[in-house]
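Noted in TrEMBL for the protein shown:
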- B:Lys5, B:Phe6, B:Gly7, B:Gly8, B:Thr220, B:Asp221, B:Tyr226: ATP binding site (BINDING)
- B:Thr49, B:Glu121: substrate binding site (BINDING)
- B:390-465: domain 'ACT' (DOMAIN)
Number of protein chains: 2
Amino acid sequence: MKVAKFGGTSLASAAQIKKVCEIVKSDEARKLVVVSAPGKRYKEDTKVTDLLIRYAEARLQGQPAEEVQSRIIGRYQDIIRELGLPVEAAEEIAAQLKEALHYIPAEDPGRFMDRVKAAGEDTCAKLVARYLQSQGREAVYVNPKDAGLVVTGEPGNAHVLPEAYEKLRNLKSQSGIVIFPGFFGFTPEGELVTFSRGGSDITGSILAAAVQAELYENFTDVDSVYVVNPSLVEKPKEIQIITYREMRELSYSGFSVFHEEALYPAYQAGIPVCIKNTNNPQAPGTMIVSERPFHENRVSGIAADKGFCSIYVSKYLLNKEIGFGRRLLQIFEEEGLSYEHTPSGIDNISVILREKDFTPQIEQRVVNRLKQELQAEDIIVERGLSLVMIVGEGMRRSVGTSARATSALARAKVNLEMINQGSSEVSMMFGVKEVDADRAVIALYEEFFAQSEEALADMAVTLKA
Amino acid sequence: MKVAKFGGTSLASAAQIKKVCEIVKSDEARKLVVVSAPGKRYKEDTKVTDLLIRYAEARLQGQPAEEVQSRIIGRYQDIIRELGLPVEAAEEIAAQLKEALHYIPAEDPGRFMDRVKAAGEDTCAKLVARYLQSQGREAVYVNPKDAGLVVTGEPGNAHVLPEAYEKLRNLKSQSGIVIFPGFFGFTPEGELVTFSRGGSDITGSILAAAVQAELYENFTDVDSVYVVNPSLVEKPKEIQIITYREMRELSYSGFSVFHEEALYPAYQAGIPVCIKNTNNPQAPGTMIVSERPFHENRVSGIAADKGFCSIYVSKYLLNKEIGFGRRLLQIFEEEGLSYEHTPSGIDNISVILREKDFTPQIEQRVVNRLKQELQAEDIIVERGLSLVMIVGEGMRRSVGTSARATSALARAKVNLEMINQGSSEVSMMFGVKEVDADRAVIALYEEFFAQSEEALADMAVTLKA
C-alpha cells in the first residue's frame with residue numbers, strides 16, 4: 001500500500017487533476033491519496049489558499065468579500081466543468097464550499113481562519129473523488145474528522161496527537177481509493193485546526209506512518225530534489241537517494257521541496273519517501289530513506305538561508321563563570337526569541353538567530369539586559385548574515401572535507417564570519433555575509449559536484465591515452 | 001614606576017636572588033617588587049611551596065612533619081648564609097618562619113593550609129628586602145595586610161576586592177624599593193587567604209593596576225613567550241608583541257607562562273606587561289599590550305590543551321523547541337559542571353567540557369536526565385578530545401586563514417571532530433582526538449610560521465637570481 005500526496009500545482013486545473021488521476025489509476029498500490037488545494041496555473045496566478053486567506057481576513061475586518069469569494073468558487077466551478085462532472089455533483093460541491101465560506105466569524109478569529117483555509121483542500125478532495133468515481137473507479141472522500149486525525153488546538157499550528165495513528169490505521173481496511181484532504185485535522189473536542197502552511201505534506205506523512213505504507217510518494221512539479229538551488233546553478237545534479245537526516249538539514253536551510261515537519265512521522269515509522277513529478281511521473285524522483293550507501297562524494301547537497309543576525313557578547317574570564325551561558329540563553333527565551341546557534345570563544349559567546357524576530361525594540365531590550373544582568377563588556381550586533389550548509393552523511397569521517405570547502409570559499413573571496421562543525425554528523429555550516437551567500441554556494445557546488453565530474457573526465461582521458 | 005614580579009626559579013637560590021637584586025638595582029623605576037617562594041634549583045628539586053603543602057597535609061593528618069619542616073627551613077638558611085646576611089637578620093627570619101609553621105591546625109583546615117603556604121612568599125620577601133638593605137639600598141618589606149590587599153575568603157581561591165586598589169595606591173608614596181610577597185591577601189576580617197596556585201602573577205598585576213605602573217615586568221626563566229610549545233617544535237619563533245586578548249586565549253589552551261587570571265587587573269587598567277628572563281635580562285622579552293600592529297602573518301600563536309570530552313545530544317525538530325538549549329545547560333549547571341563550548345547542528349547540540357569533571361557517575365546521571373527531562377533521542381559521549389587553537393588578532397578578517405589551517409591539518413591526516421570559529425575575533429578552534437593533537441599543532445606551526453619563512457627565503461633567492 002502506497003500513500004500518494006499531490007501538491008497545489010498538481011491540482012491547479014482540470015488538466016492537472018486528470019494527470020493526477022492517471023497516476024493514481026496506474027498503480028493498484030496507490031490506495032491512499034492526499035490532496036492539497038489548487039495552486040498556481042501560471043506564474044502570476046494566485047493559489048486558492050491565498051484567496052481563502054484574503055477572504056477570511058476581509059470577513060474578519062468586516063470588509064466586502066464578495067469578489068474574492070466569487071474568484072474562489074469560480075476556480076472550482078471551472079475545474080468541475082472542465083472535468084465534465086455531472087451537474088448534481090458540481091452543485092453539491094459548490095453548495096458545500098459556499099456553506100463553509102459562510103461561517104460567521106466567531107469570538108475566535110483563529111478558528112474561523114482555519115475553517116476557511118481548510119475548505120480549499122476539503123473541496124479539492126471531494127472533487128477528485130467524484131472525478132475518479134466518474135471514471136468508474138471505487139473512490140471515496142474521507143473526512144479527517146471521521147478518520148480520526150486528532151491534533152492539538154493552536155490555530156494554524158496543529159500537531160498530530162499520538163492516538164491519531166491508531167485510529168487512522170483503519171484506513172487500511174477501507175475498500176477502494178481513499179481521497180483525503182491534506183492540511184488539517186480536528187481537536188478531540190471536534191474543532192477544525194490546520195497545520196502550518198504547506199501542511200498537506202504532514203498529512204501524507206502521518207497517513208503513511210499510520211498504515212505502515214510501503215512508500216510515501218510526494219508528487220510535486222520537479223523531477224527530483226537538486227543538490228543545489230537550481231536558480232543559482234544551471235542544470236544542477238539531481239539527488240537520487242538521500243537520508244531523512246540529510247533532507248532535514250537541507251529543508252532547514254532553504255530547500256523548500258518538503259515541509260520541515262513533514263518528514264518526522266515517516267522518519268519515525270521508517271517509511272521511505274519518494275519525491276516525484278506529476279508532470280513527468282516516469283522520472284525516478286528522489287528517494288528519502290533511513291540509510292544510503294556512501295559513494296565517493298560524501299556530500300549530498302548544498303543549501304543556504306538568509307536573514308540571520310548574530311549577537312556577540314564578551315566578558316573577561318566569562319569562561320570561569322558557571323551559569324553564564326544558561327543565563328544568557330534565559331534572557332533570549334524570556335524575550336520570546338528562539339536562537340539557532342551559539343558559537344563560543346574563551347571569553348565570548350555569540351547567539352545566532354533569525355533576523356525577523358530580532359526587532360530594533362527587542363534588540364535594545366536584550367542589549368540592556370545583557371549589560372545589566374550579565375555585566376557583559378562588549379556587545380556587537382551584526383545583521384545580514386547567511387548560513388551556508390554542506391550536507392552529507394559520513395562527511396565528517398573523511399579527512400579533508402573542511403579543507404576542500406574552506407579552500408573553495410577562500411578562492412571565491414568569501415570571508416567566513418563563522419564555521420560551525422562538530423555537532424552534526426551530517427552537516428558543516430558556514431556563516432557568511434548575505435552578499436557573499438550565492439557566491440559561496442556556487443563555489444561549494446563547483447568544488448564538490450562540478451569539479452569532481454571534470455576530474456573524472458580528465459582521468460578517463462588519461463586512462464585512454 | 002614599574003612593578004617587577006619574580007617567579008620561583010628566579011628566587012630558587014642565593015645566586016638567583018643576586019641576579020634579581022641586580023635587575024632591581026639596574027633600573028630606578030623598579031620600585032615595586034613582587035616575589036614568589038623559592039622554586040626548583042634543578043629539574044628534580046622540589047619547590048618550597050610543594051614542601052609547605054606536604055608539611056601542612058602531614059600536620060592536618062596528625063602525622064610527623066619534622067623532616068619536611070627541616071627541609072623548608074634549610075632551604076632558607078642556605079640562601080641566607082650564601083647571601084652573607086648578618087646573623088641577627090638570619091635568626092629573625094628563621095624565627096618568624098618557624099612561628100608561621102607552628103600554627104595549630106584550627107577548626108578550618110583550609111585557613112591553616114593557606115597560612116602555611118603563604119609563609120613561602122612571605123619569608124622570601126623579607127629575605128630579599130634584607131639583602132637589598134645589606135647592599136646599601138633603601139628597601140622595605142611590606143605585608144599585604146598592612147598595604148590593604150583585601151580579598152574574598154574561599155581558601156586557596158581568593159579574589160581581589162575592588163576597594164583594595166584604592167588602598168594599595170598608597171604604595172606609590174612609599175620611599176625606597178618595596179618588596180611585596182606574592183600569592184596572598186587578607187579578608188576584611190583579617191584572615192589570610194591565598195590566590196590559586198601560581199597566584200604571585202596576580203599580586204603583581206593588582207599592584208601594577210593600583211599604582212598605575214608604566215609597566216608590569218614579569219620575570220621568569222624564558223627569554224620570551226614562544227608561538228608554540230617549545231617541547232613540540234625545535235627553536236620555535238618568539239612572540240615579540242601580543243595583545244591581552246591573544247594572551248588570554250593562549251593561556252587558556254596550554255600556555256602556562258602566565259596565570260590565567262593574572263592578566264585581568266593589568267588589562268582593565270591598561271598596563272602593558274612584559275615577560276622577561278631573569279637569567280638573560282638583556283633579551284627584549286614579550287610585550288603584552290592593548291593593541292598591536294598587524295603584520296603579514298596575522299597568527300600570533302598556536303596552542304593545544306588535552307582532556308576534553310563531548311556529549312552529543314540529538315532530537316528530531318529540536319531546533320523548534322524554544323528553551324531546549326537553556327534547559328540542557330541547566331542540567332549541566334545543576335550537576336556542578338562548567339562547560340566550555342556548545343556547537344550545534346539543526347537538530348543536535350554538543351556540550352564540550354573538561355573530562356576530569358565528568359566522572360562516570362556524573363555521566364550516568366546527566367545521560368539519564370537528558371533522556372528523561374529532554375526526551376533526547378541519541379546521546380553519545382566521546383572522551384579523549386583535545387582543543388587546538390590558532391590565535392591572532394584580525395585573523396578573522398583575512399580571507400583564507402581557515403582554508404590554510406584546515407588544509408594543513410588535512411595534509412597531516414588529522415580528522416577534525418569540531419571546528420569552532422565565529423565568536424572570538426582572535427581565535428579559531430579545532431577539536432581533534434588527543435592522539436592527533438601534537439601532529440595538529442606541528443602542522444599548523446609549519447603552515448603559519450615555518451613555511452612562511454621558507455617561502456620568504458625562496459623569494460629572496462628568486463630575487464637575487
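Each Cβ is built from the backbone N, Cα and C atoms, and glycine gets one as well.
Locations of recorded TrEMBL features on the structure.
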residue: B:Lys5; record: ATP binding site; Cβ within 10 Å: 27
residue: B:Phe6; record: ATP binding site; Cβ within 10 Å: 30
residue: B:Gly7; record: ATP binding site; Cβ within 10 Å: 23
residue: B:Gly8; record: ATP binding site; Cβ within 10 Å: 24
residue: B:Thr49; record: substrate binding site; Cβ within 10 Å: 24
residue: B:Glu121; record: substrate binding site; Cβ within 10 Å: 29
residue: B:Thr220; record: ATP binding site; Cβ within 10 Å: 23
residue: B:Asp221; record: ATP binding site; Cβ within 10 Å: 17
residue: B:Tyr226; record: ATP binding site; Cβ within 10 Å: 22
If I take the alpha carbons of B:Gly8 (ATP binding site) and B:Glu121 (substrate binding site), what is the distance between them in whole Å? 9
C-alpha of B:Phe6 (ATP binding site) to C-alpha of B:Glu121 (substrate binding site): distance in Å? 11
The largest Cα to Cα distance in Å among the residues B:Lys5, B:Phe6, B:Gly7, B:Gly8, B:Thr220, B:Asp221, B:Tyr226, listed in the record as binding ATP, is 20
Let me know the model's mean pLDDT on the domain 'ACT' (B:390-465). 81
